[in-house]
Amino acid sequence: MSVQSSKKAMDGGWGWVIVVASFSAQLLAYGSPQSVGVLYPEWLNAFQESKGMTAWVGSLVSGVGLIASPICSACVVNFGARPVTIFSGVMISGGLMLSAFAPSVHFLMFSYGVVVGVGCGLLYAATVTITCQYFDKKRGLALGIVTTGTSIGGFLYATAQNEFIELFGLDGCLLLIGSFALNIIACGGLMRPLNLPAYYLKQRAALVEKAEEKLGERPLAMDHSIKKDLSVTDLLITAETKDTLASEKELLICSAVVKLLRKKQKAYIDYLHSIAERMRDRVFVAMCLALFLYPCWSISSTALPGGRGIGKLLLGMVMDIRWMNSFFLYGVTLVGSGMGLLLIPFIKSYVGLQVISAVLGFFSGNWSITPYMTAKVVGIERLTEAYGILMFFGGFGIMLGPPVVGWFYDWLQSYDLAFYFSGSCVLLGGVQLLLFALSCWDKTHDSSPKPEAECTQSCDRLAAVA
């Protein structure tokens with residue numbers, strides 16, 4: 001495949017198959033975690049644990065995958081989106097089915113919270129990465145469609161899990177949705193990577209195989225030469241000399257192993273170096289802080305899933321407008337969310353709550369444009385690593401949100417202060433990001449457009465590991 005043919009693959013073609021596969025995978029993976037509230041009362045009745053202890057199951061499945069995002073991103077970089085998606089399907093399905101046999105809430109925290117959570121983190125990193133590889137000019141729209149799968153999955157699974165519980169009980173429900181998650185494996189099979197030229201891949205594979213064979217055979221060959229030399233001068237060799245030669249043989253074997261390890265170690269050293277480099281970027285640090293503060297409101301909001309889905313699609317489409325400043329738009333959505341949360345305690349009517357919930361749901365759709373902004377700050381080459389760091393900070397916000405709100409309620413027997421606190425956090429994140437957006441308008445406003453060929457080659461280099 002030449003560079004020219006790679007250009008045709010961008011913004012269309014098989015890319016739309018990738019969008020459908022990624023959308024379906026996110027729907028199947030996040031359907032149950034997004035509607036975990038349906039399972040929550042069933043777990044309370046089954047295990048007779050406190051509400052706070054049982055609530056940790058939902059917090060873990062939402063936060064663990066995000067906290068583990070740097071590791072998930074490293075897996076995508078080293079193994080590619082297709083195998084990571086397939087493996088995540090096995091993890092999510094296995095975790096859901098294993099939860100059907102959970103004897104306690106603590107076991108459920110591991111099977112549903114950790115196993116399913118990490119599986120979702122792996123799948124999200126893989127689907128977002130491969131979507132960004134296939135799309136350039138329509139990247140915002142593609143990401144909006146893909147990430148809408150989580151909202152639609154939560155909407156559909158909320159009803160489905162209710163029906164399954166009535167028909168088959170809690171255990172049967174978990175087994176069924178676990179079997180549904182196996183379809184993620186089929187979705188992963190469709191995620192064909194953007195390859196480098198075929199001749200280059202064949203040459204590289206042949207060279208690597210040849211080098212590894214030589215490296216593996218070197219200790220044996222040198223040992224054979226040593227034996228040949230010994231047959232000539234065997235009368236001059238003492239026992240101590242034989243021990244020395246045996247030691248040399250061990251050293252040769254160890255050196256071969258070390259060389260093999262260094263090849264793998266270099267990849268992880270480069271990954272850690274890229275993380276340190278990203279944290280020196282002030283705009284990227286501002287995004288990390290905003291992502292950490294933003295999820296604090298998620299548990300106190302009654303945002304409608306429909307508004308969230310519409311927000312993901314529309315914001316993704318707006319991001320594709322050439323003159324649009326992505327950081328300014330993201331900051332505006334954060335400020336709007338913060339103001340909406342601060343207004344909730346003053347709204348007393350049901351209609352008013354519905355309206356503010358729809359507005360908050362729309363603004364929460366800004367989650368879909370986070371990969372777009374990340375690629376704009378660090379470039380498509382470093383997207384996977386940088387996005388993993390961002391999700392790491394967002395995961396801590398999600399993990400800390402429910403306990404903090406619970407403490408406020410236990411303290412004051414009212415949720416008003418929780419709304420004020422979460423709204424202030426989101427507002428702070430939006431304001432500081434707006435300040436950086438205004439100061440770097442020229443930097444983010446396509447001031448240094450990359451040639452299409454260069455973007456294509458960068459995407460090819462990213463996909464070569466898949």
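Don't overthink the numbers, they just go from 1 along the chain as shown.
Every residue gets a Cβ built from N, Cα and C, even glycine.
Marked as transmembrane segment by TrEMBL: 12-33, 53-77, 84-102, 108-128, 140-158, 164-186, 283-303, 323-344, 351-369, 389-410, 417-438. The feature domain 'Major facilitator superfamily (MFS) profile' is assigned by TrEMBL to 17-441.
Proximity of the transmembrane segment (323-344) to the transmembrane segment (351-369) is established through 3 or more Cβ-Cβ distances under 8 Å for residue pairs spaced 6 or more apart.
Under 8 Å from some Cβ of the transmembrane segment (12-33) lie the Cβ atoms of residues 39, 58, 61-62, 85, 88-89, 92, 96, 116-117, 119-120, 123-124, 127-128, 130-131, 134-135, 138, 142, 145-150, 152-154, 156-157, 160-161, 177, 180-181, 183-184, 187-188, 190-192, all in the same chain and six or more residues away from its ends. Simply put, out of 84-102, 108-128, 164-186, 351-369, 417-438, 108-128 has the most Cβ pairs sitting under 8 Å from the transmembrane segment (53-77). The stretches the transmembrane segment (351-369) and the transmembrane segment (140-158) are in mutual contact, each linked to the other by at least three Cβ pairs under 8 Å (pairs 6 or more apart in sequence).
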